[in-house]
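Peer 1: As annotated in TrEMBL:
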| type | residues | note |
| --- | --- | --- |
| DOMAIN | 217-282 | domain 'Ig-like' |
| DOMAIN | 296-381 | domain 'Ig-like' |
| DOMAIN | 487-580 | domain 'Ig-like' |
| DOMAIN | 589-685 | domain 'Fibronectin type-III' |
| DOMAIN | 687-782 | domain 'Fibronectin type-III' |
| DOMAIN | 786-874 | domain 'Ig-like' |
| DOMAIN | 883-978 | domain 'Fibronectin type-III' |
| DOMAIN | 996-1084 | domain 'Ig-like' |
| TRANSMEM | 49-70 | transmembrane segment |
Amino acid sequence: MKWLKGKWLDLGSKAGKHVQFKEAYDRNSKVCVCVSLFSHSLKSAQVKVYCTSVLLFCVCVYIVRVYVFLSPYLNQVYTYEMSIIKVVEGDAGGYRCEVTSKDKCDSCTFEVTVEAVQEEQPANILDAFKRSGDAGEDAGDLDFSALLKKREKKARDEPKEDVDVWEILKDAKPCDYEKIAFDYGITDLRGLLKRLKKMKKVEPKKSDAFLKKLEQCYSVDKGKRTQMHVELHDPNVQVKWLKNGVEIKPSAKYVFECVGNKRTLTINKSNLSDDAAYECVVGEEKSFTEVFVKEPPVTITKLLDDVHVVVGEKVEFECEVSEEGANVKWMKDGVELTKDGKYRIKKDGKKHTLVINEATIEDIGMYYVYTNGGESKGELEVEAKELEVLQSIADLSVKACEQAMFKCEVSDEKVVGKWFKDGVEVKPGNRIKMSHIGRIHKLTIDDVKPQDDGNYTFVPEGYALSLSAKLNFIEIKIEYVPRQDPPKIHLDTSSTGSKNTIVVVAGNKLRLDVEITGEPVPTVCWMKGDTVISEAEGRVRVETRATLSSFVIEGAERPDEGQYSIIVTNPAGEDRAELNVKIVDVPNPPENVRCMGVGEDTATITWDPPKFDGGAPIKGYLMERKKQGSSRWTKLNFEVFESTTYEAKKMIEGVFYEMRVFAVNGIGISQPSGNSKPFMPIAPTSEPTRLTVEDVTDSTCALKWRPPERVGAGGVDGYIIEWCKEGEDNWVEANKEPVDKNTYRVKGLPTGEKLLFRVVAMNIAGRSPPCTMKQSVIIREIMEYPKIRLPRQLRTKFIRKVGEKINLVIPFQGKPRPVVNWLKDGEPLENKSVGIRTSDFDTILFIRSAERDHSGTYTLSVQIDNMQDKADIHIQIVDKPGPPINVMVTDVWGFNAALEWKPPKDTGNTDIIGYTIQKADKKTQGWFTVYEHNRRPSCTASDLVMGNEYSFRVFSENICGLSDEVAFSKNTAIIGKTDLEYNKPAFKEKDMSSSPKFTAPLVDRVVVAGYSTAISCAVRAYPKAKIVWMKNKMIIGEDPKFLMQNNQGVLTLNIRKPGQFDGGKYSCKAINDLGEDEVECRLEVRVLKEKKEGDEEKK
């Protein structure tokens, strides 16, 4: 249940003294509500919400009750109540309540109106109130509970029947409102009228545009699709869809549909931004609705597990949620956990992890993870570490004025403790010193005195453990004897780990101070192997004082590593100590980085460990990659990876990458290794498809298949074919090298066996999944009768022209392979210009250039043993015909002439289909066609011209065209004249004289200085006109800058490289004896700015 003010304000976050919420549930109560403002039916589960709208007065309590009925169980009633304490004017406005049941949702709205009190109160109204508290008039707020109690008591004494006053008012006349209000105790007449106005049913105004408007609201889950429908009166009218007042354009998300008079808006993959107000606009009419997008709750699919660790160990709480990128909240003891130095929160898809780097006792407790749709908890238990004593303190017996030192070593460097003497804590002073270096704790007592005798105890804090030892004070009588003590080296390297081993990081300074005792003062000698280290200034040197000798190495280097010894001598004896100096450094870079295998977006990288680990164990490796040709490296891991083989993921198929590796030890990170050779992530192809059998013999099987549907960037290098016997799993490769084609004949197969076949595609990434034949194949020759399948065009006469190519492909069938034989006109085909090629399933007859002697009947026969099939092919090679014979003019009458001739001797190896006849008169000798495609060897030429003598010629024609040679008529046809005379009219010469007139004027031009230009016009005049060119009304003379041309009346003035002063008004005048004419234009010369600036600089 949600209470909202306005459209978006959730009142649940405002709960407090001003707004309060209450929820109740009664299974058997029956509730009757007077006014029903909203009722919305749903399928399968019906939800009805009833609410009322009330007029309020300021400074009162406003209570809204909502009753929710869930059908079919209508006797179950849920009551939700919102109370507004001390109503103010700001509480006025529209409110909405939403209720959700399973996957159904319903809502209702109501208005709250707040007005000031209008009634006049009696003068002594305060007498009816009492103040809270005991301070009299100055007490707290007014308390009017006594009046409320009186009214309740009166109501109980005089019960009245429940009457629905509003039903009476709805049916009453307006003049009776005041009387009914008085009878039933209603004093707020203004509020009464407003409420009645809202309750009266108003007939909805019929829309001129809409038959059916949008629903009041739509509810949709996030990611789902929703549709909004309207129906219109006019099916041809255009509509607009608006979202929050902004027009929506059709797209993949917003789809508009128009079917008849129905208009639909579909919203695909709804998200929170689609939660808005929508309008459908038709002309000036609008239909409004609202879309509410519900975000599905995020549930926890993998719950938290309890974790049990030891102090200092790493803790990880891990859970999985139902959606990627969801927000979760981690809490402990009611406090939200955030990313800081102690906690780390990681997200990886649906997986969320809370990491505690080093667990402590304070981290013990219950940890919770929350989503908007669920929660989970896990308990963390942290155990204290067991403290191990590596070296206990030992009893000491010392003399007066000597030094006593108790020393112990425990397993944890962070442990602190206290020293006690006979149960009393020891405090540090001038003689007593306490130290804690790493795992070693020391108590040193200088100048021991008798009162220092006793039991000493070391107690680690937080552990039920104590280490004890006794200090015995020895009293010695001192006699004066010349002191002579043997030398003693006090060398303490226990803090460095191993005994007498000093570890130095390369580049750091080593200074080892060694305390030396002895009387007389001993002589000190430092050596490395057999080499004595001098006390001179240098990077490796020795500094000696009275009781102290210091060994110094400035900027330690790897050659400084080795065994060192210190020897002290005096007359009383000699002492010697050995120590080992170990130089540690970052490791060398890894070697031989290489790619061992690739996938679609992955690659397996391996490398060799560095030759030198820097003196410290290798902890792991860091990897980086980059695209070939790029300089940007990308880190692949942020935590060290211990193995020397790594699988890089999320790479792009078909792109070349390079890798490099860093080695990590306790000192630091090495330099990067050399780049690996470029490699490309490539996945094997998908399996080939449609594997079928083409042919089977006694020992072979021909297969064919289709390429894989998914090839990828690696392409296909070839195919491997494998076979095995049915019921077995021992696959045998038929070809060692991959084949490029999609067909292959497997040879050497066992006869009569049932075999299965499969094909695998190969590329640089390896083998694809196999495509296996579902049914087995029996290896056995199939007998088939020989048969020629003659193409349709060869079943009739095959005609070609001389010089053309002939390529006849004739398929046949038969098993085993039949014998093919060709004959021409019943004789064996021995012509070398005719080529024959035969395969297993067809034969080809090929002629590069056809000749007439290639014509004839070709017989093809295919034979298997005594079975035979034959087919005849008739080939005809044709050429152009020869000319007709003996063309004669047999008769002439009027304007006509009759011609006859004989067919040609050479018809071109085909039939003559017609003749073409042409005529020519003796005067012009021009040939004109009289007839085309004339089928008879005779014709009549008509419409001949009187007085002319005509000759004729004839062409033969077949399917190749007209003959190359022509036959001329042996005699001519003369068309005689009649007695007619032609009176020729007298010739009158036309006067062509005219005054000058410009047919094309000059045109204004703008030119750039320094570039030659021309202006032109055209003039017509007879006799020829004199041309005069002028500039600014001044005649242009023989100036070499100007060139004047006149070509058939086209006048051109060429200006060579015009300057700034060549601009102006140009005119052209044409003059002859009959008159003159003139045209003019304006020429503007522009100077480039750069040129002007250059001229100014020169000036």
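Note: Cβ is positioned from N, Cα and C throughout, glycine not excepted.
Any TrEMBL annotation is an automated prediction that lacks curation.
Map the listed features onto the structure and describe their local environment.
Peer 2: For the domain 'Ig-like' (487-580), residue counts in helix, strand and coil come to 6 helix, 55 strand, 33 coil, using DSSP.
Residue counts for the domain 'Fibronectin type-III' (687-782) under DSSP (helix as H, G, I; strand as E, B; rest coil) come to 0 helix, 45 strand, 51 coil.
Helix, strand and coil content of the domain 'Fibronectin type-III' (883-978), in residues and according to DSSP, is 0 helix, 51 strand, 45 coil.
Across the domain 'Ig-like' (996-1084), DSSP classifies residues as 3 helix, 58 strand, 28 coil.
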Peer 1: By DSSP assignment, list the helix, strand and coil residue numbers for the domain 'Fibronectin type-III' (589-685), in that order.
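Peer 2: In the domain 'Fibronectin type-III' (589-685), the DSSP-based counts are 0 helix, 42 strand, 55 coil.
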Peer 1: Determine how many residues of the domain 'Ig-like' (217-282) DSSP places in helix, in strand and in coil.
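Peer 2: Result for the domain 'Ig-like' (217-282), in helix, strand, coil order: 3 helix, 36 strand, 27 coil.
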